[in-house]
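Here the structure comes first, spelled out in structure tokens, and everything after it is commentary.
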Amino acid sequence: MTTSCTLKEFELLDGTSTQKLFIHLTPIIISVGLLGNILTICVFIMTDLKRQSVSILTIALAIVDSLVLLIPVSLLWLETLLKRELTDASPFWCRTHGFFDLAFTCCSSWLMVCIAFERFCAVWLPHHNKILFTHRKIFFLVLGILFISTILSTWFIFVVKIVIKTRAPNLTYTSTIKNSLKNTSENFLSWQPLQTSSDNHTLIHYSKCGVYDDSLYDTMGMVSVVINYFLPFIFVLLLNSTVIYRLCQRGIVELTSSITVTLTLVCLVHLLCTLPFQCWWIYYEALDQTGDCLWLKNKLTWRTITFTIRNINYMANFFLYSCSSKLFRDELKGLVFLCLLPHEKYQSYHYRRQSLYDNMQQQNVSIMRLIMRRLSRTPEYTNGGVIVNPVGAAVADESPVANL
């Protein structure tokens, strides 16, 4: 994308309410999101929820969402806060800042598709769900999604590069440039702006993270948006529509305890939070015909708004689990008591739940063993309509057992 506006992003949005809101809201999203994702991982690993096969998907989703908040979101927030583009200071960040964002968001979106498909099978194919989604199969599915997402995002590394550009000095930001020159580390001295004189005018040569081919970058960016957002959006929307339809048909779903309702709500919030950002990308990339500063300011303003809404998705899952699932709240409460209150009744929480599960498993095995034992001694039927019981006593035709 080539533009004629020489101002940088922080210069275009400097002092605007959108930039101030982004600067103050983003650290809250990052810190709260990281804490919530860590608690989610602990609950699904250290409690009985780990026995659910879908727990592997929720754990992987929490890890990927945390990585999104840690790297691309934090990097953009630091650039806005420091009023300095960190991607221009190092070839490594220039080539990888977009790669991390594409890889992690792609992985997060397709994990959401897997969660929606698992709930679809649990509702429509309950007898085959345990066979289709075992812990082992889901683990390899997560590894496959991570590998494919990484491969599909490597294109960004090969289409960007550090380029040297020239601009006239901006008197408003002269002091800012001088301060940034003083504070820049020695490792990045080769990428600092240099001033030269030409035709009695002082020109500033500065490094910029650019692209090799504008059309290739726009094309691959559009393909990535389709893969990372549009296709998962369609799949999640269709699968959750069928799940909601099935739940409405049953009419007996407990909204406070059903894991299907919880995961469906998570998918719906994902749809609502990612839709504005993908609409922004498609609209502004398709209509990128002008490069004046006013048009770029509008583009960056809407990018900041939709980007913030998208980031809320990577923070909200813990609160969705807590609000919609009583089982999750109970397990979280027991886990907190186990860690914070060193009392005997809380220390025995894990072992009590474990022994309860083992007793239930042993009881199920005992019942199945009795049923198989009973079926192996099939009663004999005589021509007189008499049933011979296991002890060997005959029962008359008019008795309730014979009539049964």
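Quick reminder: no glycine exception, Cβ is built from N, Cα and C everywhere.
Summarising the annotation, TrEMBL assigns transmembrane segment to 21-44, 56-78, 98-117, 138-164, 226-247, 259-283. According to TrEMBL, the domain 'G-protein coupled receptors family 1 profile' annotation covers 36-321.
When Cβ-Cβ distances under 8 Å to the transmembrane segment (259-283) are tallied for each of 56-78, 98-117, 138-164, the top count falls to 98-117. Sequence-distant contacts of the transmembrane segment (98-117) (same chain, six or more residues past either end, CB-CB distance under 8 Å): 54, 57-58, 60-61, 64-65, 67-68, 71-72, 138, 141-142, 145-146, 149-150, 152-154, 156-157, 160, 224, 227-229, 232-233, 235-236, 239-240, 243, 263-264, 266-267, 270, 274, 314. As a whole-number mean, the pLDDT of the domain 'G-protein coupled receptors family 1 profile' (36-321) in this prediction is 82.
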